[in-house]
Amino acid sequence: MADPGTAPAGLLARLSRSPHLVRHGRALLGVGLVSGVGVAATAAFQFVAIRGLGPAEYAVLASALALLNVASIGSSALRNSVAVAVADAGAASATSARPRRRDGSITEAWVLGAVCTVGLAVAAPLASGGLDVWVLALVALAVAPYFLFSRAQGLLQGGGRAKAVVLWSSGAQVAQLVLAAVVLLLGGGATVVLAALAFVAVAGAVGSSVQAARERLTTSARPFGRDTTVVMALTIVFAWLISMDVVLVRAGAEPVVAGGYAAAVVVVKSTLIVPATLSLYLLPRFVARRGDAAMSRTGTNVTVMIALAGGLAMVAVVALLGDLVVSVFGGGYETVGEVLVPLALAWVPWAAIQALLIRVTATRSRTGLAVLLTAALVQWTGARMILPDLMGFIVFSGVLGTVIALALFIVHLRAAARAATSESVDPVNWRGP
């Protein structure tokens, strides 16, 4: 007989009686609303840049942003690893009097920033189609602050300050929009817009680092230790998995078909905002309570249910409003209507995967990393075999996502089964070190 605490009906009954549900719900709602402002600001920034620069200048800015997106994958990985390390240090300080080691995250930030800067400096002239030297210099200038900004956000996230994290990130996105609009109104071009983005990155890095220092948030992990490397790798490989589909379709299908797929998947992937927002709030709490099997199961079940609900809501939206979505894209995107609903269905399990990764990341699971690495190989091999059959590739992506989700859920259950009764601090009332 199923444990009533883990069955859906029993789970909902427990949640309805939880004295902490309202407080956590309000906190998550606040984080979600502020994150929504940031998402809207980013979309508005793209619209303003497209309308204000024109095709030629926007192509320059888009190429520079593509290079910065490479750095953002590494910086996101750093943020997650720092958040886990800070939460771990906070939990350990409640049960141990051992002195902490020197914070290694600042070393990781500078090293990763330097490596990424050098890598972009070498690769950008080959991949960017001859960007101006000033554009490349501004990209290089923004890379290190990206990593320092992410390091500070990781400190705040790990300390339970999820609201501060989204205020800094959304504030930066709003600042980028405002400065870009001012630059374009004054007649500036892509280079000046990029300079404004670099300024925001520096200001965000300084401001968030000052806040983290004032709150005395730190880690006790060695730089590039085994656990932090696993967390970074989990983030990077998952980012690869959810990004490479567009590249694979572009390489294996006709340009018009690939363009329609890319447009449709931008809409569908917005479902990942839900588990990403949950991660900001829940990751440090999962770390603090990872030894409590019952709480870990309940928290993971709820998170997965919310992510699945978000994915199914997207299916309903595109099924009802698909024609409207296609009309927004305009002429040349007729193929979007053909793939929108199947694509939304295929990405439902991927939302569950990102929700499960909160737990997998909290436990720094090497088995979970092996699952994702294997999936990346299967994704590449399957795409080479199936494309240019786009519908076949969409079905394959859905099946692959389902298998990954089931595998990660098993990883989570095994970790919960091994966990002893928790002796760590209570994540509900825990406020970080």
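Cβ atoms here come from the backbone N, Cα and C positions, even for glycine.
Remember, TrEMBL labels are computer predictions, not curated facts.
For 27-50 (among others), the entry in TrEMBL reads transmembrane segment. If you look at the transmembrane segment (27-50), the same-chain residues 6 or more away from its ends with a CB under 8 A from one of its CBs are 58, 61, 162-163, 166-167, 169-174, 176-177, 180-181, 184, 193, 273, 277-278, 280-281.
Among the features that TrEMBL reports, transmembrane segment is placed at 56-74 (among others). Long-range contacts of the transmembrane segment (56-74) within the same chain, counting only residues at least 6 positions beyond its ends with a Cβ under 8 Å from a Cβ of the stretch, are 49-50, 112, 116, 120, 124, 127-129, 131-132, 135, 138-139, 142-143, 146-147, 189-191, 193-194, 197, 232, 235-236, 239.
What TrEMBL records for 109-127 (among others) is transmembrane segment.
Among the features that TrEMBL reports, transmembrane segment is placed at 133-152 (among others). Residues 60, 63-64, 67-68, 71-72, 74-76, 78-79, 82, 105-106, 108-110, 112-114, 116-117, 120-121, 124-125, 168, 172, 190-191, 194-195, 197-198, 201-202, 204-205, 208-209, 211-212 of the same chain, all 6+ positions outside the transmembrane segment (133-152), place their C-beta atoms under 8 angstroms from a C-beta of that stretch.
Per TrEMBL, transmembrane segment is recorded for 164-186 (among others). Here the transmembrane segment (164-186) has long-range neighbours at 31, 34-35, 37-39, 41-42, 44-45, 48-49, 52-53, 149, 152-153, 156-157, 192-193, 196-197, 199-201, 203-204, 207-208, 211, 277, 280, meaning same-chain residues at least 6 beyond its ends whose C-beta is under 8 angstroms from one of its own.
Note on the transmembrane segment (192-210): residues 49, 53, 61, 64, 68, 135, 138-139, 141-142, 145-146, 148-149, 151-153, 156, 164, 168, 171-172, 175-176, 179-180, 183-184 of its chain, located 6 or more positions outside it, place their CB under 8 angstroms from a CB of the stretch. Sequence annotations record features per position, and here TrEMBL assigns transmembrane segment to 192-210 (among others).
Marked as transmembrane segment by TrEMBL: 230-249 (among others).
The list of residues near the transmembrane segment (261-283) in space but at least 6 beyond its ends in sequence, with Cβ under 8 angstroms from a Cβ of it, reads 24, 27-28, 31-32, 35, 39, 80, 83-84, 87, 157-158, 162, 165-166, 242, 245-246, 249-250, 253, 299, 303, 306-307, 310-311, 313-314, 318, 325, 329, 333, 335-336, 339-340, 343-344, 347-348, 350-351, 354-355, 357-358, 361-362, 390. What TrEMBL records for 261-283 (among others) is transmembrane segment.
According to TrEMBL, the transmembrane segment annotation covers 304-333 (among others).
For the transmembrane segment (339-357), the residues of the chain that approach it from at least six positions outside its boundaries are 234, 238, 242, 260-261, 264-265, 267-269, 271-272, 274-276, 278-279, 300, 303-304, 306-308, 310-312, 314-315, 318-319, 322, 325-326, 368, 390-391, 394-395, 397-398, 401-402, 404-405, 408-409, 412, judged by C-beta separation under 8 angstroms. TrEMBL lists 339-357 (among others) with the feature transmembrane segment.
Counting residues 6+ beyond its ends, the transmembrane segment (369-387) has Cβ neighbours under 8 Å at 230, 233-234, 237-238, 240-241, 244-245, 248-249, 251-253, 393, 396-397, 400, 403-404, 407-408, 411 in the same chain. For 369-387 (among others), the entry in TrEMBL reads transmembrane segment.
Summarising the annotation, TrEMBL assigns transmembrane segment to 393-413 (among others).
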